[in-house]
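The signal peptide annotation in Swiss-Prot covers 1-22. Look at Swiss-Prot and you will find 23-124 tagged as domain 'Ig-like V-type'. Among the features that Swiss-Prot reports, disulfide bond is placed at 48-108, 150-207, 252-297, with the record citing sequence analysis. Feature annotation from Swiss-Prot assigns domain 'Ig-like C2-type 1' to 128-226. The annotation domain 'Ig-like C2-type 2' is assigned in Swiss-Prot to 231-313. The N-linked glycosylation site annotation in Swiss-Prot covers 288.
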């Protein structure tokens, strides 16, 4: 019976000594800090806090155990290290222009009984240098293989390299990592190979560095490549639909790298060539029906030749309106406009006369000395007009 009764006592003792059980009684005099990451050349702030300072001051020391600040008092003469805040419950300092050598564990201490400490691990990121591309020597011929190398030094931790050509991602080999002589940073390198086409002529191959210290900023280098390829050509007529009697230019538009240096024009069924020149246009000063046929233009460079063909069909001359008919049309338009204006004037004149209606008798009668008789005569005259049967004439 003794063994079972001792089991609860053993469990209670185990719980009291467990690490979790220790958290049940929090030490208010224990300071706390946080780890920090900073880019080389930047500024880091170290913050130490304590709840119960027990009338003691906080202190910061560097990885070499050199005291930096004791309370608000500077202990190490380093202008990069400045006091940010000093209270009984907090001591914060800043380190500017951080170097790789500043990396390590910084200690915050409070001199209670016993002395309590907290650690802050400062990680310094090395910024990678701008990458360098090597391996490109001169122009490449179409379908040859281009091999480029890219290298960047000074990153910590080691950076990653990526390739692209224009908007297209290129898959280079795995990034190679080598430690720099300072023992802290790394040099990374990568290579890429691809077969070039004529579309790659003038393209930019870009090597970019990916690293957390850049915070999304672009750090890259580009290499423009030149590709030599055989020419192509096409024939463009001017005008597009030539007619008999017109002047015609057949433009032979050659493209290539290098551009064609010579153009040879031929017409099927005729010998020798019509034209051999460095100029690309074939000129017909005055087209005839006999000029119809198939023409070929051969564009030549030191990379090869290409022949384009064009079938010319000379259309009948278009009827040209005579100058006299054009003149007559203009005169007719002017006459029609004048007649239209006269009609408008006649309409307005008629409207005016209707609104101001009067007769000779009316005006003469009103101008006589015997006004009453004149009015009577006017009334009688109007009455005679309305009567229709009894028409009388009065002389005044």
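Every residue, even glycine, has its Cβ placed from backbone N, Cα and C.
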Please compute the mean pLDDT of the model over the domain 'Ig-like C2-type 2' (231-313).
91
Relative to the Cβ position of residue 48 (disulfide bond), how many further Cβ atoms are located within 10 Å?
25
Roughly how many angstrom lie between the C-alpha atoms of residue 252 (disulfide bond) and the residue listed as 'N-linked glycosylation site'?
21
I'd like the per-state residue tally for the domain 'Ig-like V-type' (23-124) from DSSP, helix first, then strand, then coil.
3 helix, 50 strand, 49 coil
Compile a sequence-ordered list of residues in the same chain as residue 108 (disulfide bond), six or more apart from it, whose Cβ lies below 8 A from its Cβ; state 'none' when nothing qualifies.
31, 33, 46, 48, 58, 59, 60, 91, 117, 118, 119, 120
Neighbour count (Cβ, 10 Å) for residue 207 (disulfide bond):
27
Compute the C-alpha separation of residue 150 (disulfide bond) from the residue listed as 'N-linked glycosylation site', stating it in Å without decimals.
63
Surrounding CB atoms that lie within 10 Å of the CB of residue 252 (disulfide bond), all protein chains:
25
List, in sequence order, the same-chain residues at least six positions removed whose CB sits under 8 Å from that of residue 297 (disulfide bond)?
233, 235, 250, 252, 263, 264, 265, 280, 282, 307, 308, 309, 310
Mind telling me which of the recorded positions 150, 288 has the densest Cβ neighbourhood, counting other Cβ atoms within 10 Å?
150
